[in-house]
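I have placed the structure first, in the form of structure tokens, so that the comments after it can refer back to it.
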Amino acid sequence: MTTREYDYIICGAGSAGNVLATRLTEDPDVTVLLLEAGGPDYRFDFRTQMPAALAYPLQGRRYNWAYETDPEPHMDNRRMECGRGKGLGGSSLINGMCYIRGNALDYDNWSTHKGLENWTYLDCLPYFKKAETRDVGPNDYHGGSGPVSVTTSKPGVNPLFEAMVDAGVQAGYPRTDDLNGYQQEGFGPMDRTVTPKGRRASTARGYLDQAKARPNLEIVTHALADRILFDGKRASGVTYLRGSERATAHARREVLVCSGAIASPQLLQRSGVGPGAWLKALDIPVVLDLPGVGQNLQDHLEMYIQYECKEPVSLYPALKWWNQPKIGLEWMLNGTGLGASNHFEAGGFIRTRDDDPWPNIQYHFLPVAINYNGSNAIEMHGFQAHVGSMRSPSRGRVKLRSRDPNDHPSILFNYMAEALDWREFRDAIRATREIMRQPALDRYRGRELNPGADCKTDKELDAFVRARAETAFHPSCSCKMGYDDMAVVDEEGRVHGLDGLRVVDASIMPIITTGNLNAPTIMIAEKIADKIRGRTPLARVDVPYFVANGAPARNVAKAVRQPETV
């Protein structure tokens, strides 16, 4: 068994861990060990590097932990997918590359929690900007020199994108030019983590590429963290497995857990930090009975509302194997063409009720009818909207099954456990149908494929959701920040009741954000990195941002085609 010593040990080279490894080693006298259970982000592997190939990593286990939930009691007892990234880049290596920061009011709401006063939107915005290089240039809301390449959709990519945005506006919802700028609410182009050369902009590419040659950073892949070591109440190191070999590394300063919303609570529990009764049931010595570890688990659930396309403008031909070599060759040689896009180039956020303070529904528009993981492709030209609610009141948990680090934990999101969940999904389906029936889509819109035009009553819509809704792959909040009885970490990611131990990833969100989670996770890591380094936080900015303040969610009077009566 080998033993070495570092200032910091980071468990997990994902969206947060790579940020910390890069920022901490900017100080040349600081040594960092970065442990990653997966392998390298092989740059020759089109499955992770080609944006259009985003479904492929979810279909195997080289890059995907392929977790599965326990039977979900409100979803026909289905065991549902819970894909998580494995390899340098973590989930930024296999995600959909949608760059969505969340709504300003998400962070303002966090800041109302005791101890989180410095997590307002205006406190967080400088760190979003620090991380970003946006292809159309910086402004008050966007960065121009950060590690993460962000590409903004341009007009003319596919007529369906513009038609779907126009349809949203014709239905009475706002148009927004920037879902990450002044106003998230509305429909518009979607930013994506794609490089100017058409490659996936994972945090391995953006952050580790600039840091991996530093002599004070050691990156160890295929290293599965087994447990955190403690000297009394202080984290002192980590034991990890590389194949059949066990190694131990000691931390002079801190152990930083960045393993994600599933594996971070799993590692803490395996190390003796978590609900005492759970640990004792597995004969794990209790270092600290911390009841919130693994609780408060949240996710986004979504549906695919699919339509036949009457004109041959969808991506359907690109799904055929005989067309894919040409697409792949153009992407490989030039970084252009269909392979260079994730094809989530338009979307939006709406409120379904006037009393919703900020958007509760997200849309991703896609010019093909297919499941996110590449399954169940409709054999015809089609298009779809991915539609889901943003802040479900339902809460789940991550619970250790055994002491074996190779065993997956018990995961229960408890999807659709509350009455509000059902109301929001019914509202979302009906709102989507109103959008899809607007004149902008008349030339393209054929019959409704899913749920199908005959699916109308509350009971029928609920049955569709139970049978067909899927995860958006946004697990979070299972080691939440705060100071209540179920909080796990403080506002700087430090685990309550212990020294030398932090959690820094999407698990520390107190409440899930409105949209995709990669951008907020990077921001969280950038912000806490300054705290770890003892640096003065970036100054709070002063820019305006949209607040509805009770304004109508939809201007029905301006809708080109009025709502149907059911």
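Glycine is no exception: its Cβ is also placed from the backbone N, Cα and C atoms.
Here the structure is a predicted model, which means the values were calculated and not measured.
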Any idea which of 70-91, 136-157, 180-201 is down as region 'Disordered' in Swiss-Prot?
-> 180-201
Filtered by Cβ under 8 Å and at least 6 apart in sequence, the residues in the chain of HIS474 (active site, proton acceptor) near it are ASP299, HIS300, ALA506, ILE512, ASN516, LEU517
All-chain count of other Cβ atoms within 10 Å of VAL19 (FAD binding site) = 32
